[in-house]
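Chemist: These came from TrEMBL, pasted as-is:
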BINDING   LYS7, PHE8, GLY9, GLY10, THR174, ASP175, TYR180, ARG185, LYS210, VAL211  ATP binding site
BINDING   THR47, GLU74  substrate binding site
DOMAIN    268-353  domain 'ACT'
Amino acid sequence: MPILVMKFGGTSVGSLDRIHRAAKRIGREVANGYDVIVIVSAMSGETNKLVGYVEETSPLFDAREYDAVVSSGENVTAGLMALTLQEMDVPARSWQGWQVPVRTTSAHASARIEEIPSDNILAKFSEGMRVAVVAGFQGISPEGRITTLGRGGSDTTAVAFAAAFEAERCDIYTDVDGVYTTDPRITAKARKLDRIAFEEMLELASLGAKVLQTRSVELAMRYNVKLRVLSSFEEPSDEAGTLVCAEEDIVESNVVAGVAYSREEAKLTLTHVEDRPGIAAAIFGPLADAGVNVDMIVQNISDAGTTDMTFSCPVNEVKRAEKALAAAREANEIGFAELIADTEVAKVSIVGIGMRSHAGVAAKMFKTLRDEGINIKVITTSEIKVSVLIDRKYMELAVQALHDAFELDKAA
Ligand code: ADP
Ligand code: ASP
Ligand code: MG
């Protein structure tokens, strides 16, 4: 029988009633003749609660134990979903990541899936089981410990299963009815896209649009998975949701496809860093070793042999960054006068493959922010995106102004 992957996010399984509604939808696909692999998230709010427990217990936690704790939310939903399906006379069984097994790297808290053997689950399908409910977000390391795939990782579990089982489609059921030009929570003018190119979705996701985890889009692109995002609260139809697809499959598109934001950013500046060959390696090596995800980097021009080095990272990694840099200074690997942390910044980005062939897009972005009186602290660009770091209090305003300026409420 053909295989379908259906993934339900936290809100879509946020109560027993919602699990029941999701189960009915799964039952309909079984009746349509599919063997279904269901990937579930933890019930909404659960993972945040578990992360909170860990951080309160141990601020600079051991990531192996973090994974042991935060992976558990998905286990509850998987079991409950299997039970709900059984109550509806749909033959179903749950799997935790290690049981499949979802083999991952040992990079705890942000592990990557390396292999998903299909034999266990396929054997059950051939015995008459119709639904395999798999706990998303988790796997097992080569050392035999539980890993997690980073926040939002159930999307990646879903796409990886769709690739491993050559599923006909991977449907991501969530609390919005597709991918929008920007987060519909920020502006009511956000417009649902019928289609979006893999490259654009990849950028939007990596720049903060949490509707899909970045790695899930990467995998879908690499393995050509038919990926659809749709609402678990609306009646399904063939046109429902957004199809994430190859650029060639999109007829018309705006120069800018969407605006993304990342609220919890921090800007760190090292002042009077010695300007010599190897200084960037001496700074960013220890940060990488400490697991700090450095994003934007700016080095100022040299003045009397020293320079200022500014970089951004997620706000919850600032403590770790400070510790790593203090240790490097202690060990005489780097010298600097001060480390200044600004933890009140956010990143706003515009994304579109049309930028490759249109000049002036960045200038228009900067002019729009100027007209709103918003100061830009750091800028980075790539072929299909421009990102700026601004004061967090202006984030919503910036997103709305850019959405208006690029007329994203209107289709191309
Ligand atoms: P789930 O729990 O189903 O995985 P998430 O909360 O991870 O859901 O992702 C869905 C949310 O992503 C939406 O509620 C929306 O606020 C947010 N979002 C951010 N950017 C976008 C966008 N461009 N299009 C749609 N949703 C977006
Ligand atoms: N429950 C995990 C999280 O909240 C994984 C997911 O929902 O995708 O990040
Ligand atoms: Mg999510």
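Here the Cβ of each residue, glycine as well, is placed from N, Cα and C on the backbone.
Unlike curated entries, TrEMBL annotations are predicted automatically.
Quick one: where do these features end up spatially?
Modeler: Sequence-distant neighbours of LYS7 (ATP binding site) (same chain, 6+ apart, CB under 8 A from its CB) are VAL38, ILE39, VAL40, SER41, GLY136, SER154, ASP155, THR157, ALA158, CYS170, ASP171, ILE172, TYR173.
The number of other Cβ atoms within 10 Å of the Cβ belonging to THR47 (substrate binding site), over all protein chains shown, comes to 24.
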Chemist: Taking the Cα atoms as reference points, how far is THR174 (ATP binding site) from THR47 (substrate binding site) in Å?
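Modeler: The separation of the Cα atoms works out to 16 Å.
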Chemist: For the binding-site residues LYS7, THR47, TYR180, LYS210, which sit with their CB under 6 angstroms from an atom of ligand 2?
Modeler: THR47
Chemist: Please report the Cα separation of GLU74 (substrate binding site) and GLY9 (ATP binding site) in Å, rounded to an integer.
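Modeler: Spelling it out, the Cα of GLU74 (substrate binding site) and the Cα of GLY9 (ATP binding site) are 10 Å apart.
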Chemist: C-alpha of TYR180 (ATP binding site) to C-alpha of THR47 (substrate binding site): distance in Å?
Modeler: 25
Chemist: Which binding-site residues among GLY9, THR47, THR174, TYR180, LYS210 have CB under 6 Å of ligand 1?
Modeler: GLY9, THR174, TYR180, LYS210
Chemist: Using DSSP, break the domain 'ACT' (268-353) down into helix, strand and coil residues and give each count.
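Modeler: Each residue of the domain 'ACT' (268-353) counted once, the result is 28 helix, 33 strand, 25 coil.
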Chemist: Taking only the residues the record lists as binding ATP, namely LYS7, PHE8, GLY9, GLY10, THR174, ASP175, TYR180, ARG185, LYS210, VAL211, what is the largest Cα to Cα distance between any two of them, in Å to the nearest whole number?
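Modeler: Value for the max Cα separation, rounded to a whole number: 22 Å.
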